[in-house]
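Quick notes on the structure that follows.
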Amino acid sequence: FLALKIANVNWQSKLNKAAHHTSDYSSTEAILRRGQAFNITLNLQTTVQSGDNFAFIASTGPSPAESQQTKAIFKLSEECASGWSATQEPSEPGCMNFTIFSPANAVIGRYKLELQIVSGNKVSSTLLGQFVLLFNPWCPNDDVYMANEKERQEYVLNDSGIIFQGLEKYIQQEAWNYGQFEEDILDISLAILDRSLNHHQDPAVDVSNRNNPIYVSRVISAMVNSNDEKGVVQGKWNGKYCSGTSPLQWSGSVTILRKWYRGRYKPVRYGQCWVFAGVMCTVLRSLGIPTRVITNFNSAHDRNINLSIDKYIDISGKTLHLTEDSVWNFHVWNESWFIRRDLGSFYDGWQVLDATPQERSKGIYQCGPASTRAIKEGDVNLDYDSSFVFAAVNADYITWIHYSSKRKERIYSDTRKIGKFISTKAVGTNSRVDVTANYKYPEGSLKERQVYKKALKLLGVRSTGKRTKITRPRRQSSVAWRQNMTQPAQKPSISGKLILDASPVIGQDILLTLALRNLISDSKTIKVKLRASAILYTRKPKAEILQLSRSIKLGSEEVKEISFKISYSQYKNSLMDDRKILVTALCEIKPGASLLVEKDIVLQDPLLTIKVLGPTVVHKAVNVQVTFTNPLSEVVTDCVLRAEGSGLLKEQLRINVARMSPMESSTVQFEIIPYKSGTRQLQVDLVCIPFSNIKGFVMLDVAPA
């Protein structure tokens, strides 16, 4: 019996990668998408005996089994039960060409392919090699199928993007390097699946579930944070970041994922919401699931899911921590695109996933996939975690003055509506697209009220078992009745507004005006307590900056202004990283209702300009010039300029900037050698102790070599 001797196997890498839209992966391995044919050629040392029977074996995971759909044995020209098949194509003498077809619901991951030869009663098998199988958004039978080519280019193939941050009235663009095709990133994404709790508990079952994007995306949402297993990123929202990297200093996922992988799976310190979302977007896109990053402004973190966020302040306007609920200036999560066989086709499409560890879901810090259709329709009982996401975009916000454990007053504060300007990057450009309408009906519409009532009814029972009666007469002053709750706030007889005199830049004084208007004809005296605090984007106070008290007499329908300033010397030590200040003015009117006026301030970055000195062509060096100015009236030392960009720099570049005098401009030059053509994003960021980091980016069109 002459076994078939194979000189070598040609995996037709270039042809297959082009056909499978995997040419961008920086790997020599065969990377293929499920539900689509691929070709291989065997170059032979011996001739084929007629009567030899060929079969292929494709297997994945630690214990492949046909019953778990992690192993398929298929003969030439017959489709086996698993949906795998192979056909032999015409070929030159001395070689054999095969087309192999995987089913659109195959398990994704790394496979072994073997050739089995039956000659008479002898069976021999030989390993042909390995390949990686991914989800296939180009295949109409795949659960992740996306019909629009421009959307596939954006949500699967774009390796850079924009994450929106800031405030609803001051939305900022932050560039992010997803880098899903960079060296090792696909291997790291597969390693993330292999390190999950589910895999430790039962590897065979875990691998067999990897045909389902619902399962895979949920596992990734748990693994990107480090709360339950040795996940990728460790969150931190308080104190200093000395023992790691400040969340504000990351510019992309590649450095983080490699650090986790090379550091033997030790969680990378530290992340906040946009870091978790950026990393999850990289991992899901690398596995072939269309994914985008979403920012929700004024995002509710509703611990007890009663759709009401209570904020308590003392009589000086200071925020008290009497509740676990909070409203973040913004929160960032992901949406992935796939169908919901578990819920029904109405819920197909964009699914919310959130890797930021906020609440446990089924005992683990994971969130989603929650269908955006379920959130919009108030179907808060549906898998997974749709009630938590519904609250994030719909909860009511109520402010109380806490006088004592027995006495609190519900005060009238401008109802900053929760869930505003829900944003994502546009397809094909860096503009902002508002997707709020995917999450809710127009504020104040009849349909929106009905959905809210439906959600309350579905959430009706408290964890204590007490029923809660919640009425919502008008959206502006919706009331949640609880035991010992005081009457709803009266509308105060004055109105107030905090006005910023100029856009504040770090290093300068901040000038503010409080304008108060008497709405009635009686004159009155108002006690004003002003307070400024440095805050995180979660609106959690970090440090007190300023407190002032004033008494003001307002005549009949009179308007008065109080001007005040927060000097650089007052705020400089409090604003180490997050350049955010919350200013509150608590106005007490005796007798009558109190008024709370609030304003969030984000200090602007000094300008950083990036110039590319010449045309950008693959494999040709080009210089980049970066100019920035020290905005402070003091000397700044030990700054580091960092640059990164997929297809432009293989690793993050770091350049030390020794010393900058007050108001001095500095120019730094460095070289890049692009290694991928197309639109590329170059990010530059300057890290300095006094003003944390200044970021800038430029889009480059790289011509092929």
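Cβ atoms are placed via backbone N, Cα and C, with glycine included.
Per TrEMBL, the feature active site maps to Cys273 (among others). Cβ neighbours within 10 Å of Cys273 (active site), excluding its own Cβ and spanning all shown chains: 27.
A 10 Å cutoff on Cβ-Cβ distances gives His331 (active site) a total of 26 other Cβ atoms nearby, all chains included. Look at TrEMBL and you will find His331 (among others) tagged as active site.
For Asp354 (active site), the number of other Cβ atoms no farther than 10 Å from its own Cβ, over all displayed protein chains, is 30. According to TrEMBL, the feature active site maps to Asp354 (among others).
Positions annotated as Ca(2+) binding site by TrEMBL: Asn394, Asp396, Glu443, Glu448.
Look at TrEMBL and you will find 476-486 tagged as compositional bias 'Polar residues'.
The DSSP breakdown of the domain 'Transglutaminase-like' (265-357) into helical (H, G, I), extended (E, B) and coil residues amounts to 18 helix, 41 strand, 34 coil. As annotated by TrEMBL, domain 'Transglutaminase-like' applies to 265-357.
Marked as region 'Disordered' by TrEMBL: 467-486.
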Problem set entry | Candidates His331, Asn394, Asp396, Glu443, Glu448 (recorded positions) with Cα within 10 Å of Cys273 (active site) | His331
Exercise. Which residues in the same chain, at least 6 apart in sequence, have a Cβ under 8 Å from the Cβ of Glu448 (Ca(2+) binding site)?
Worked result: Lys440, Tyr441, Pro442
Exercise. So of Asp396, Glu443, which of the binding-site residues has the fewest other Cβ atoms within 10 Å around its own Cβ?
Worked result: Glu443
Exercise. Over the domain 'Transglutaminase-like' (265-357), what does the predicted model average in pLDDT?
Worked result: 94
Exercise. How long is the line from the C-alpha of Asp396 (Ca(2+) binding site) to the C-alpha of His331 (active site), rounded to the nearest angstrom?
Worked result: 17
Exercise. Taking only the recorded positions His331, Asn394, Glu443, which one has a CA atom nearest to the CA atom of Asp354 (active site)?
Worked result: His331
